[in-house]
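So that you can see what the record holds, here are the features copied from TrEMBL:
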DOMAIN    1-407  domain 'Ammonium transporter AmtB-like'
REGION    413-445  region 'Disordered'
TRANSMEM  7-26  transmembrane segment
TRANSMEM  69-87  transmembrane segment
TRANSMEM  94-115  transmembrane segment
TRANSMEM  142-163  transmembrane segment
TRANSMEM  184-201  transmembrane segment
TRANSMEM  217-239  transmembrane segment
TRANSMEM  246-266  transmembrane segment
TRANSMEM  272-294  transmembrane segment
TRANSMEM  306-324  transmembrane segment
TRANSMEM  363-384  transmembrane segment
Amino acid sequence: MNILLKNILDACVGAIGFYLFGYAFAYGRKPGTDANGFIGNWNFALSYTTEQSFAADGNFAGAGWQQFFFQWSFCAAATTIVSGAVAERCTFGAYVAYAFFLSSFVYPVVVHWVWASDGWLSAFNTSDGGYAKILKTGAIDFAGSGVVHMTGGIAALCGAAIIGPRVGRFESNGAVNEMKGHSAVLVVMGTFLLWFGWFGFNPGSNLVIGSRVAAEIVSRVAVCTALGGGAGGFTMLVWKWLRTRAWDVVAVCNGILAGLVAVTAGCAVIEPWAAIIAGAVGALVFCGADYLTLHVAKVDDPVSAFPLHGVVGAWGVLLPGLLAKGDYVEQAYGSYGFGSTVDEGHRYGILYGGHAQVLLSQFIEVLVITAWVGALVGVFFFIVHKAGMLRVSTEEELAGLDVINYASIKNGKQYKGDSSNHSGSDGVAANIQADEDTGTPHKGM
């Protein structure tokens, strides 16, 4: 119940934060004023959107209710990535505060940089003589490998590193104790739900489908999304079998998600065969990053949120710099300054003979997202930790947060508050049993 409530609150708190501040910071610009490449500054609490909805000659198509709704769904996706990384030991109040902070300020600023028409890193910002401001190309991140997934993944790393590992995760000599999830059925079901949702996440990012070109882009994005996820899952299946000579269904699910994250930035500008490469490499990148995070850095990230979203997201951002096809770049970004100069300026993937500006722009996106999110969210979690408000007590963790926090269980007297029953080696056993009893997820969920 604890992890489920946090995921629900991501949407609830995120909706309020994005409504009050986030959407304005992401896309707000007062008509007739100079652009601000760093942050939006207009339409707080949807005041301008409300005005446009009643104006007979207003710009409802570009500034209507539907724009907020779609963008909020991306905000909720970025926010909820952190939930599993701090599972089983984060206080409820700290998590709610984090969700509001990320959705109202941290994430919207990244959105403004990359997706807003006046963002300093945006391929749509053609204020420099018809060219994008950064290297005359800007960053190509069609559906958010960087904007959404890297933002959530870097935030997850900050949270998991600062809050510390779960009780019993590491031995005194640093050896890792396996703490498996309780239900492969829920893992598979969740994976299918996510994969299905990705067909709204990626194709929907084109925002329009009412023309032949738009329909071609949307349908190609759907194909690449399917192939990226499939390639990631199959690659993980083979990789795990070669290493263990056993089939691993949870690993395959992680591979599918890695493939989907990897293909998200470039899904509109790559060919289907390139989507297979993106997903396959993404699965392998996930394996390496997951090992380094847990076994080398000793960061206990129960659901591998940072390797999956942060590191694989970075690979996804870099992909268009390698494999973006010129014709597809022009289709997706149009003759809006950027598209009309694609062939002339070789603004496509370097493996197609394109200039390195695209790859360098993608690398800049990876660097600035890492720096921005790492600094702000890292400082946030550090301050909350030093204030003693980030992590629950050891006895509460061992008893299980469901037992501590929820009236239906507390009233059933399943938790007596006797810390003497949760110490030493028995404490580890109590922790594992509590996880099994309450359904708290571990690796792969």
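Every residue, even glycine, has its Cβ placed from backbone N, Cα and C.
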Interface check, the transmembrane segment (69-87) with the transmembrane segment (363-384), three or more C-beta pairs under 8 A: no
Ranked first among 94-115, 142-163, 184-201, 217-239, 246-266 for CB pairs under 8 angstroms with the transmembrane segment (306-324): 142-163
Contact set, same chain, for the transmembrane segment (142-163): CB under 8 Å, 6 or more residues outside the stretch: 74, 77-82, 84-86, 89-90, 98, 102, 106-107, 110-111, 114-115, 201-202, 205, 221, 261-269, 293, 297, 299-301, 305-317, 319, 332, 365-366, 369-370, 373-374, 377-378, 380-382, 385, 390-391
The transmembrane segment (272-294) in contact with the transmembrane segment (7-26), cutoff 8 A, at least 3 CB pairs, sep 6+: no
Annotated stretches the transmembrane segment (217-239) and the transmembrane segment (94-115) touching (3 or more Cβ pairs under 8 Å): no
Overall pLDDT for the domain 'Ammonium transporter AmtB-like' (1-407), taken as the rounded mean: 92
Residues of the parent chain within Cβ reach of the transmembrane segment (363-384), under 8 Å, 6 or more residues beyond its termini: 94, 97-98, 101-102, 105-106, 109-110, 113-114, 121, 134, 139, 141, 146-147, 150-151, 154-155, 157-159, 162-163, 314, 317-318, 321, 390
